[in-house]
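Trainee: Okay, handing you the structure first.
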Amino acid sequence: MPDSVRAETGESVAKARVHELAKELGITSKDAVAKLQELGEFVRSASSTIEAPVVKKLRDAFPDAVAAPEAAAPKAPARPAPKAPAKPAEAQASVKPVETQAPATPAAAKAAATPVAPAAPAVKEQKEGSAARPGAGGPRPGNNPFATSQGMPRAGARAEGERPAAAPASGAGRPRPGGPRPGAPRPGNNPFASSQGMPRSGGRGDGERSGGPRPAAGSGGPRPAAGSGGPRPAAGSGGPRPGAGSGASRPGGGGGNRPTPGMMPNRTERPAPAGRGAGGGAGGPGRGGGARPGGGAPAGGGFGKGGRGRGGTQGAFGKGGAGRGKQRKSKRAKRQELEQMSAPSLGGVSVPRGDGNTVVRLRRGSSITDFADKIEANPAALVTVLFHLGEMATATQSLDEETFALLGEELGYKLQVVSPEDEERELLSTFDIDFDAELEAEGDEDLQARPPVVTVMGHVDHGKTRLLDAIRNSDVVAGEHGGITQHIGAYQVNHVHEGEVRKITFIDTPGHEAFTAMRARGAKVTDIAILVVAADDGVMPQTVEALNHAQAAGVPIVVAVNKIDKEGANPEKIRGQLTEYGLVPEEYGGETMFVDVSARQNQNIDALLEAVMLTADAALDLRANPNKDARGIAIEANLDKGRGSVATVLVQSGTLAVGDTIVAGTAHGRVRAMFDDDGTAVTEAGPSRPVQVLGLSSVPRAGDTFFVTGDERTARQIAEKREAADRNAALAKRRKRISLEDFDQAVADGKVDTLNLILKGDVSGAVEALEDSLLKIDVGEGVQLRVIHRGVGAITQNDVNLATVDSAIIIGFNVKPAERVAELADREGVDMRFYSVIYAAIDDIELALKGMLKPEYEEVQLGTAEIREIFRSSKFGNIAGSIVRSGLIRRNAKARVLRAGVLIGDNLTVDSLKRVKDDATEVREGFECGIGLGSFNDLQLEDIIETFEMREKPRV
């Protein structure tokens, strides 16, 4: 219907479903959805409801389809037709209720064949009696959001007034020129019905029952029963039922309104059974009587509540209804039903299972929801399954790899957690960055020689930094606390080899056991490893670990036997020990070069550098392409008060220049300045050159890769996605795990004690190493350690506030707080500890964790006494006259009573102890005494009294 006509009739464009509009416009639902998406409207499916403005846009998009049904609408007189004469008896018969239920009579059939115009006075009487609103006899098509066609007949459909044998309708039922037609009802809401108002295949239509024509769709005449003009059988109401569309505005009515005949398919007419309503099933007893304003008759069963304009429901308990048959199940419903039947049940829920070989790939830190999306399962069901397996987690909580493996094994899936390298590759592929393809595209003409990168590795205090100091002729050790390297240093030196000045890049790694990850990173970026072994100490644990890192990285090793100037030095012993690990010296017929050096005396330093250059030239192809965007790795990073984030990076390929936009781990930014290891400003850095970079948004972690991007927006997006992935992985790693067996005990005992820490340090590598070492501390199941925040730089006010909220301890590693921050921490009672050597921090935290543990007590036997006599006292109870057989008896000690080896009384206390007549603190072996055990009086001769005390057991 055009909007102009709607405006005339006072109607508004209502909501409608997409498939209903498509049917009205004569197009397919798919075309309608596609057109709406073209118009910029988001529509999920053809059953979605769209607002009135969107309805108008769709109608305007198909003007031809709208005009066609309007052209097919019947022409009707502009004014009501004169009322046709009717017999008074027939009019009374059409409205008078019947007391008893009876089949339709021939007179009723005859009355049905007469014109329906006389029904108008009856409706008028009903309106006056029930105070119904004018026009409530039928629904207004424009306002019914559930109507199939919104009052628009299909093109070519037969109009209601043109049906054969139908008399002219009354004035109340005649349509105005271009006026609306009643819309088709929505299927009923009776949940017990098998048909739900759907038409049966080959069934009879609503308006095609035998016995004569119905009243006009818009007529206000009485509702005929069984196709007759007689009253409805067994209707409990005292008045007539309203006309045919009255049920459309209320759910729960009897038969409800009928679809417009023009919207119904042509079917073979069959006679309707007697006693059945023309528009619905048999009316149930006790139906509410009278018309309700605005919505026809009240709902069945006497409940007068109406719905929001829904169509009429079916008959009572699904009988009859609108005469529609059972709807066939859709393919989707059948598939879901089949899956539910075939899916196994675990813990009361059905979850689709794999065949044991189904591989599911998940990212680090994935949640149950991510896993559920992969296998098309309900996350809540997986939470239930996990609970029955002894693990508790929420649907959005990040899980670790072990938990996923447990869940996957139970459900028949092989879960593969994507490695960080694959995860990084997938992330960069979303930005069209493929480094592997770039390397394959490079030819030999693009590659140029580059300096070797040498990593100095070895056990703690074997002289690695002293050796590097001798090479650089600078004092590096003086800057390290405790003589232990706690940073990764990168330096570049010049060496004359065969008359040519060659550059060598050195990386100094820590030797302390806490810095395993930093040593592994050093081995990963290196070309040659120098293994430093002290001639007096020999091979130590970190020596073997460094050797394993170098061998795993596949880099050649040069052994520097240091401290040969000390007494007791035995270089030959070192060679023999390293032979066991596969490092055979050249003089023994092997391939490993051994050089005896003294870093303190600067002995054989040149020989060591010469060995490095010979190894590089003989075993390695050291070339890189300098004519491209730089890529490399962050060696270390720190937060400088004046310069901000400062990262030491090693360029591996390409050339890094000032002004380039780079991404380093979760940090990004534009390079504002670069400095070499001497502090000299440089404008660009080629392959194998270490430089300090200023301008990053945050402090990258040691070992993070960096590369140059085209613009800052891309750099920021990559950094944010990396940060989100790292955060999920950290949450999964930090997740508290508690089994069902321990859950009840944990609830009974209270929360598990947790020591919260905030770690701040001067460089990121040291903070990371400290965190890893602290998380490895295991002092029992009763105490847990949690690092709630870590960062690089001075301790700030935000750190103190966070520690206040979470009752955390702040650990400062080579950093101090500002005076104002220290005052705030003192005022809030926040404990701050400061360390410059890493193992001191580890020892203190371990002792603190042990102090948080609940004390363990052990029973210590004190002595035994045998009862010789029993003295009864009304004031003190029974007193045991005893002789001490072993040990001693002490007042207030715990006691138990044994009779012939059987425990009689336990957890007693020695309340009184007398020696002769005097009170005694303790009585030793061989002496007699009187022992009072309080209210315990079950004592006999020859009973044994054992005394003991509970002493706190020291933590190991």
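Start at 1 and count along the chain as shown; that gives each residue its number.
Backbone N, Cα and C define each Cβ position, glycine as well.
Since the structure is predicted, the reported quantities are computational estimates derived from the model, not experimental observations.
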Trainee: Tell me which range among 418-425, 458-465, 946-953 Swiss-Prot lists as region 'G1'.
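Mentor: From Swiss-Prot, the annotated region 'G1' range turns out to be 458-465.
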Trainee: Please find, within the list 562-565, 678-681, 854-857, 934-937, the residue stretch that Swiss-Prot describes as region 'G4'.
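Mentor: Checking Swiss-Prot against the ranges 562-565, 678-681, 854-857, 934-937, the region 'G4' one is 562-565.
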Trainee: Region 'G2' per Swiss-Prot sits at which of 28-32, 443-447, 483-487, 638-642?
Mentor: 483-487
Trainee: Between 8-11, 508-511, 652-655, 720-723, which stretch does Swiss-Prot give the note region 'G3'?
Mentor: 508-511
Trainee: For the region 'G4' (562-565), find every same-chain residue at least 6 residues outside the stretch whose CB is under 8 Å from a CB in it, and list them.
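Mentor: Hits for the region 'G4' (562-565): 462-463, 466-467, 532-536, 571, 596-601, 603.
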Trainee: On the 0 to 100 pLDDT scale, where does the region 'G3' (508-511) sit on average?
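Mentor: Result for the region 'G3' (508-511): average pLDDT 63.
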Trainee: Counting across all protein chains shown, how many other Cβ atoms sit within 10 Å of the Cβ of Gly458 (GTP binding site)?
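Mentor: There are 28 such Cβ atoms around Gly458 (GTP binding site).
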Trainee: Just counting, how many other CB atoms are there within 10 A of the CB of Ile564 (GTP binding site)?
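Mentor: Result for Ile564 (GTP binding site): 19 neighbouring Cβ atoms inside 10 Å.
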